[in-house]
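Q: As listed in Swiss-Prot for this protein:
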- 1-23: signal peptide (SIGNAL)
- S26: O-octanoyl serine (LIPID)
- S26: O-hexanoyl serine (LIPID)
- 29-67: region 'Disordered' (REGION)
- 31-42: compositional bias 'Basic and acidic residues' (COMPBIAS)
- L97: leucine amide (MOD_RES)
Amino acid sequence: MPAPRTICSLLLLSMLWMDLAMAGSSFLSPEHQKLQRKEPKKPSGRLKPRALEGQFDPDVGSQEEGAEDELEIRFNAPFNIGIKLSGAQSLQHGQTLGKFLQDILWEEAEETLADE
């Protein structure tokens, strides 16, 4: 019968050999893919500037006074853009926002005419 020292050594070497064999497994193997799969993070439904957090939150139930006259602008370019402003905000930022939109739409119109 082999000595206990020899049996322990063989057992240790076989365990190390198994770890080495598992470490060298292909990244494409199904077992490795199962181990590496993680649940993707889902982004929140709405993105809000930090200064406006809670002002227009539908969960709160009540909005700031003066929010009855809201301005909402949505348009589709290569991507969707939506902007929602309260009455006070539209008075404060409306002119700048209008100029910004006009510049964007004017550049797009010029590119369309140049392509034709």
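Using the three backbone atoms N, Cα and C, a Cβ is placed for every residue, glycine included.
Thinking about packing and proximity, how do these listed features fit into the structure?
A: Taking Cβ-Cβ distances under 8 Å and a sequence gap of 6 or more within the same chain, the neighbours of L97 (leucine amide) are I73, I83, L85, S90. The secondary structure of L97 (leucine amide), as reduced to three states from DSSP, is helical.
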